[in-house]
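Taken from Swiss-Prot, the feature disulfide bond applies to CYS41-CYS52, CYS56-CYS151, CYS101-CYS139, CYS107-CYS174, CYS132-CYS140, CYS184-CYS194, CYS188-CYS203, CYS205-CYS235, CYS223-CYS314, CYS255-CYS278, CYS416-CYS471, CYS460-CYS467 (among others), supported by similarity to another entry. The N-linked glycosylation site feature in Swiss-Prot is assigned to ASN33, ASN58, ASN72, ASN200, ASN256, ASN285; the stated evidence is sequence analysis. Marked as region 'Beta hairpin' by Swiss-Prot on the basis of similarity to another entry: 34-53. The region 'ZP-N' annotation in Swiss-Prot covers 222-315. Feature annotation from Swiss-Prot assigns region 'Flexible ZP-N/ZP-C linker' to 316-339. The region 'Internal hydrophobic patch (IHP)' feature in Swiss-Prot is assigned to 340-351. Residues annotated as signal peptide in Swiss-Prot, with similarity to another entry given as evidence: 1-21.
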Amino acid sequence: MVGCDLLWLAAASCVLTLVSPSTIHQGYGRPRNSSNLDLDCGSPDSPSSGICFDPCQNHTVLNDPTRSTENNDSSVAWCDDNLHGWYRFVGDGGVKMPETCVSVFRCHTSAPMWLSGSHPILGDGIVSHTACANWNENCCFWRSEVQVKACSEELGEYHVYKLQGTPECSLRYCTDPSTAPKNCEITCRPEEECVFQNNNWSCVCRQDLHVSDSQSLQPLLDCGDNEIKVKLDKCLLGGMGFKEEIIAYLNDRNCNGTMQDEPNNWVSMTSPVVANYCGNILEKNGTHAIYRNTLSLATDFIIRDFRVNVNFQCAYPLDMSVSLETALQPIVSSLTVDVDGAGEFNVKMALFQDQSYTNPYEGAEVLLPVESILYVGVLLNRGDTSRFKLLLTNCYATPSEDRHDPVKYFIIKNRCPNQRDSTINVRENGVSSESRFSVQMFMFAGNYDLVFLHCEVYLCDSTTEQCQPSCSTNRLRSSRPAIDYNRVLDLGPITKRSAQSSATSKGTPHTTGFLLAWPMFFLPVFLALLF
């Protein structure tokens with residue numbers, strides 16, 4: 001129980017006690033006939049009626065962050081029915097009582113109490129106010145008289161409160177966390193302020209922020225493989241007049257939505273990495289593919305007078321994957337491979353124009369002179385590429401689109417290149433998520449217009465298997481491989497262009513013609529069947 005007993009009639013020292021955490025400040029009284037409104041004097045009928053004291057020097061300190069209005073822990077409802085006397089609130093929960101109604105079940109109690117009125121300033125002396133308790137949808141369901149005085153010290157001003165318990169339980173006097181001292185342990189941006197809420201310091205958007213220059217709204221970009229995430233500063237948007245719900249549109253107005261909240265006071269919207277989708281503009285140079293778009297912001301879905309337009313772009317280094325994604329009509333084959341215990345993987349095979357593997361052939365077919373080098377790239381573009389490596393076990397050409405065609409010219413056989421064909425160059429196989437090789441056209445095209453490529457793929461578990469091939473002479477002479485045709489990718493047709501093209505057969509040639517019409521082709525095929 002808090003109280004103030006008369007210790008001496010002449011010169012009394014009033015000592016206040018309270019369960020920790022608290023600090024006791026002591027002061028000396030003055031005769032009751034003092035006319036100074038800064039002093040608190042005992043009741044006329046009490047033993048201390050002749051004693052007056054300054055509550056700025058004689059009060060109990062309450063350092064309890066659970067009194068913060070941000071505290072919504074209602075597991076235990078505490079009550080202040082035992083608080084009688086002068087008190088000063090300190091600490092991270094706030095140093096002043098709130099001056100507006102507080103929601104129920106805040107401040108670690110059921111019915112939180114707040115100050116109905118403005119705090120006095122220095123020179124006002126002791127001011128009487130009503131403390132209200134919110135309950136039953138009534139911000140002032142219970143009332144209690146509170147006296148308040150503004151005080152000063154070297155570090156600034158503060159307030160003390162004379163409390164008289166509470167009308168009922170569980171009622172508790174709250175503190176406003178926005179008045180807490182700025183002993184912030186984190187660094188906030190200039191458009192933020194540091195506040196103590198939910199028992200932690202955090203950065204929140206400044207309420208007094210006013211922004212007129214939209215150029216200050218610089219986006220943060222997350223250039224992902226499948227989408228671009230555009231993040232904007234939520235505080236700056238608030239300073240421009242935007243509310244919690246911000247509607248964003250891309251160049252294609254059908255691509256719109258509410259910007260999503262991100263950590264640290266940012267909001268975001270995503271744009272797919274697809275050419276011409278949602279108004280994306282794709283540009284390519286020799287090294288990068290660049291996607292451009294504009295994010296237009298509005299306050300709702302009806303108003304079309306966009307207040308802010310934010311241009312953004314993401315540049316992707318050209319590689320096999322990006323070049324295929326940005327090509328309009330690449331010649332590509334796709335296969336889904338299921339691996340027990342590891343899920344589904346997607347594998348793609350495409351034809352490229354040069355050894356950079358960034359310029360895929362586009363259109364319905366490829367037309368090449370017989371002396372051309374054909375560049376073939378295969379990539380694993382979905383799945384755990386850190387664990388599984390892409391391995392080409394068998395790659396071969398056929399005179400028809402039938403992958404089962406018995407006439408096969410092997411480029412890669414049993415994981416190793418055909419060493420009898422000096423034009424074959426396997427640049428990568430079994431070491432990453434990509435495999436690539438090249439071969440000269442005339443070595444397998446024969447004297448016919450159309451040929452087809454087929455590659456059997458295997459996803460090698462690098463944690464349990466040796467994935468990079470070891471190609472010895474004995475291995476090269478091994479028997480004809482058993483091909484799993486369910487894991488074969490097909491490409492074609494590849495059309496051969498030559499001076500005698502008018503005399504060659506058109507369409508898909510039959511097997512006999514593929515072998516015999518061009519004598520130069522017979523020997524490589526015969527040797528390929530043997531090795």
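Glycine is treated like the rest: Cβ placed from N, Cα and C.
Taking the Cα atom of each, CYS471 (disulfide bond) and CYS56 (disulfide bond) are about 90 angstrom apart. Within its own chain, the region 'Internal hydrophobic patch (IHP)' (340-351) has Cβ neighbours under 8 Å at 320, 324, 330-334, 360-361, 366, 374-384, 387-388, 390, 453, 455, 457, 459, 489, 491, 494, counting only residues six or more beyond its boundaries.
Here the Cβ of CYS460 (disulfide bond) has 21 other Cβ atoms within 10 Å, regardless of which shown protein chain they belong to. In sequence order, LYS182, CYS184, ILE186, CYS188, TRP201, SER202, CYS203 make up the list of same-chain residues 6 or more apart from CYS194 (disulfide bond) whose Cβ falls under 8 Å from its Cβ. Each of the disulfide-bonded residues CYS52, CYS107, CYS184, CYS203, CYS416 was scored by the number of other CB atoms within 10 Å of its CB, and the largest score is that of CYS107. Taking only the Cα positions, the spacing between CYS174 (disulfide bond) and ASN58 (N-linked glycosylation site) is 21 angstrom. Fewest Cβ neighbours within 10 Å among the disulfide-bonded residues CYS132, CYS140, CYS314: this applies to CYS140. For the region 'ZP-N' (222-315), the DSSP counts in helix, strand and coil order read 9 helix, 48 strand, 37 coil.
Once Cβ contacts within 10 Å are tallied over all protein chains shown, the glycosylation sites ASN256, ASN285 are led by ASN256.
Rounded to a whole number, the C-alpha distance linking CYS278 (disulfide bond) with CYS205 (disulfide bond) is 31 angstrom.
Helix, strand and coil counts from DSSP across the region 'Flexible ZP-N/ZP-C linker' (316-339) read 7 helix, 11 strand, 6 coil.
Within the region 'Internal hydrophobic patch (IHP)' (340-351), the DSSP-based counts of helix, strand and coil residues read 0 helix, 9 strand, 3 coil. Counting other C-beta atoms within 10 Å of each candidate's C-beta, the disulfide-bonded residues CYS151, CYS174, CYS205, CYS467 are led by CYS174. Measuring Cα to Cα from CYS460 (disulfide bond), none of the disulfide-bonded residues CYS52, CYS56, CYS107, CYS151, CYS235, CYS255 fall within 10 Å. Over the region 'ZP-N' (222-315), the average per-residue pLDDT in this prediction is 89. Residue pair ASN58 (N-linked glycosylation site) / ASN256 (N-linked glycosylation site) shows a Cα separation of 62 Å.
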